[in-house]
């Protein structure tokens, strides 16, 4: 575990609602939990239940309509905006820049920060995600799985404290999804980054240490026992 | 069959109207159409006015104009072939009164004048005019109001011309036969023929106009006779074209040619917008096909929708063009009297239709792209192929059509399009070089600048287009601004430096001697003195000039009159030979006599008329028709005086030509001595001499006119430049938003995107401005030299200052246009 392990994102009694056609719709309310650096979290639930909104709030990209989201570093409480530069994202659609080759896509966050060794570090990362032989390939020349590997390398190359991933395997076939998930967890573990991912995939969610589930308008923490039962249930179904 | 498609097209048309890219497209189309429709309407008004003038200001059914009197036989023929004939004599002279002088067109008439129409006069400057039932009696002179004011002379005063006293008895307001006198702004005076004869002007300096009453058959007969027997004369009749028609045609052509620039810029804007359109329309077509519609139906919807867009522009274009037409006619009426505004919706509609056809060519790439729309595209989310070559092809077709319609002068067309093409090529090259070098040099470095150059290099096609649009606008603006500024300055400086302050445009030997002794007395200096004789080009390779050269041009218009034929054996120091072989001084008498029928013609004239080395030109010199062979072409070279001639022949030729010799000269003298010029003119009223001060005043008036035209044109260019910037931003807005969102997803603040955006626009502005600067220099060297015969000496500090301003404006407009893409967020990426 890295030295960042005392960093936390804390959500205190957070609620999110919006008004549509003069009706207030509440996505979730009174949600309190912490995201600890070095740990992994899954947010699951049906479409439209508020998973992505929670991701936005937790990453500080949006303000909650109730409660607050703060960053706690060694016990010092700071606004979430304080950690904004140390958060990385991974998307379902990868969102690599089509004009750049794999190497430059990965080097981009470092280059923008003025890092002198940007290309060398990017190359190391591409080697790490198994694309050392695809450095000069443009996104259009890479498969979905390869693109997501590049995206993972790009998200982690600047050593963020937290990674937020939205359906990172949603666009991939089962084999690629498994490989990508393993890679994602491994990289986050190696770098000591906190990982928060939104997913529909139970198997992916099961690989995380913590899980929040949206269900019938509520967001609840799934206990270790529930997760274990769910795994058995899934297993029995699979082999039934 | 059309029923279900039309409402769908209507619905989509309404939806499209709300999008920014459609508004940009409509603005571009509107500007283009307004320009062309206004030009057509104005042209129509002027041509109608000229036709009206032709019918009302000829003062006769037909007019024969000739320098020098016709022979008795020729006059007898005119009498036989008409029901009535009278003649007037006129020449350019300088009238003096006290210490004032004015250059005038002096006309002599007899008691039969006018043949048709009425002369309008008044008894004093302040009184109303009335129709005179009589002509000036011997001893009388009638002056036009401006001349009367210019000479500070009133009715009742005496005006002396070469010792002949004439009494001013009336103020002359209108002569019914003015049309044939060139529509110039010369001041005018009318005298009795008896007095005119007494003044003793040389006959070959006098223009004789024979006014005839004739029917159509007689006119046809006279025309044939003139062509065969009197080719050096000019023949005009009511059914023919106005002398100014050709000039106006040329003006219209020049403005039309300038519209190529507007079209080129519009093509850039339309190309950018069509990228978005193609994506949308292909998607729509693919969706239609996925629900069972045919590809053709998708195309039909697209065509109907486009027609609806064009139809929606009709009222806007008509209203704006009509207002512009009104304003231009009002402005032109100061120059072309009696020009009145009348709405002309039929012409406007036709011009609109022609513009719509041109715009349809621009739309072709969108329609052709629908061929590639397929359901497969939707299933696999395939990229939408861009048809850059088709777009380029369409733009070239439109530009070629417009160039072909308006081009009448090879050299001018080459220069306008050549400078533009050079500028475009240059900007493309500068863009490619700077972005490639920028990327190569900075790829090992990190930071926003290297990222910006990298991004720009990656999007080199779109960036080059953007830079080209901006660069071309900057070039045009810069060049026109610089032209206006430099032309004035350089003219003043240059003329003073090389040509002195007094210019003799025509003096016979006696007059020249008088001028020389005057210069000596005033302690002045004769800078240049060159002899010439008048000659009129009547045939080229045995064809009449009208048959040989059918396209209107400045050179052709000038060749319709007598031109100055200069003789010299050596190439003048202010000329250089372009093609062919200049004659030398032949050592033997026999060689001289054999080789005198050769000439050199100025290169621009050669290009305009379509002449080549070896062509045979037949000139009417005096009473002789003389053949010359073109053996060389020459061009003006600055630095050794500005008196240069279009046509030059060997000195040996003058032995064989019987025509009066004249001189052109330039003099530098103390301006205080100008007060004694009156005496010189008093003695030699036909001496054509003008002070540089007067010339500059005339030049300033022209410059003011040109400034007004260019300012109007510049406004259109600025509008289109802004549209090019906005359209290029719109075309890549999606990619820009994504790029900005991705940058923010790295935990970088929005500020970073803003900085990158500013760097990109600064680079765009910088490269475009450098290209524009070079283009301006190139055009300056080419056009200053050939069109204005001026050396080009740019003021680099002024240029740099202007470019800085342009860059700031580009950054500001670019940044404003990019605001939308800067408002992107990471959420958008999550939402996709």
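Yeah, the Cβs are placed from backbone N, Cα and C, and that goes for glycine too.
Annotated features in TrEMBL:
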type     : residues  : note
TRANSMEM : B:254-273 : transmembrane segment
TRANSMEM : B:306-328 : transmembrane segment
TRANSMEM : B:348-368 : transmembrane segment
TRANSMEM : B:388-406 : transmembrane segment
TRANSMEM : B:412-435 : transmembrane segment
TRANSMEM : B:465-484 : transmembrane segment
TRANSMEM : B:709-732 : transmembrane segment
DOMAIN   : B:713-824 : domain 'ABC3 transporter permease C-terminal'
TRANSMEM : B:753-784 : transmembrane segment
TRANSMEM : B:796-817 : transmembrane segment
Proximity verdict for the transmembrane segment (B:753-784) and the transmembrane segment (B:465-484), three or more C-beta pairs under 8 Å: yes
Distal contacts, the transmembrane segment (B:465-484) - CB-CB under 8 A, six or more residues away: 261, 264-265, 268-269, 271-272, 420, 423-424, 427-428, 431, 703, 706-707, 710, 713-714, 717-718, 720-721, 724-725, 728, 764-765, 767-769, 771-773, 775-776, 779-780, 783-784, 794, 798-799, 802-803, 806, 810
Beyond the flanks of the transmembrane segment (B:348-368) by at least 6 residues, Cβ under 8 Å: 29, 32-33, 36-37, 40-41, 263, 266-267, 270, 274, 277-278, 281, 299, 302-303, 306, 310, 314, 317-318, 321-322, 387, 390-391, 394-395, 397-398, 401-402
Overall pLDDT for the domain 'ABC3 transporter permease C-terminal' (B:713-824), taken as the rounded mean: 78
Residues of the domain 'ABC3 transporter permease C-terminal' (B:713-824) by DSSP state, where helix covers H, G and I: 97 helix, 0 strand, 15 coil
